[in-house]
């Protein structure tokens, strides 16, 4: 049975995943395990450098600079420790994505629309992470400020597994997981990896099955079949 051709987002991410993102995620896993074995103390910074390199590779130096600029501005505004100011800053940064002149300039950085859309998706999600970090910086007391440095913000913003489209993880949870020290066990790590791969494969197969059988996107993009259907059928 043919695939629903109207599901742009699934096709878009599958294409990027096959070309580069899947390989970059495998690279992240390798860097994570090697740094955990050899230099566990510096693991967050190793992953930060890797995330920055992956960002540079996919989005180019200009795309990388945009995300770094957003993080810098957010961190600077967070120093005032006013939640309202942080929200205002985040909304202004997001609104720049819809300024026609800025959109046109960013489009010229890339050869294809897909590359531009990848920048758009990534910057939008990174804005959520910048907001999370800045709000937690505003809420925490002076004793906790040392763990909310700009370097930690960069490690958080450029963490690659959730770089392009999330899911959102707040900074406190990210920091707690990064600082947690666990005894290395090849058997445990291997079992976690295998279970993770099986889970991803299962959900990928389910999504592919739905696209080939249910035609959800094709239906809601055309009003006439919906208008002709009974309420029971729609339900």
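Quick reminder: no glycine exception, Cβ is built from N, Cα and C everywhere.
Curation plays no part in TrEMBL annotations; they are all automatic predictions.
According to TrEMBL, the feature transmembrane segment maps to 20-39, 46-69, 75-95, 116-135, 150-169, 190-216.
Ranked by number of Cβ pairs under 8 Å to the transmembrane segment (46-69), the listed stretches 75-95, 116-135, 190-216 are led by 116-135. Below 8 angstroms of C-beta separation, residues 124, 127, 130-131, 133-135, 137-139, 150, 153 of the same chain, each at least six residues beyond the ends of the transmembrane segment (75-95), sit close to that stretch.
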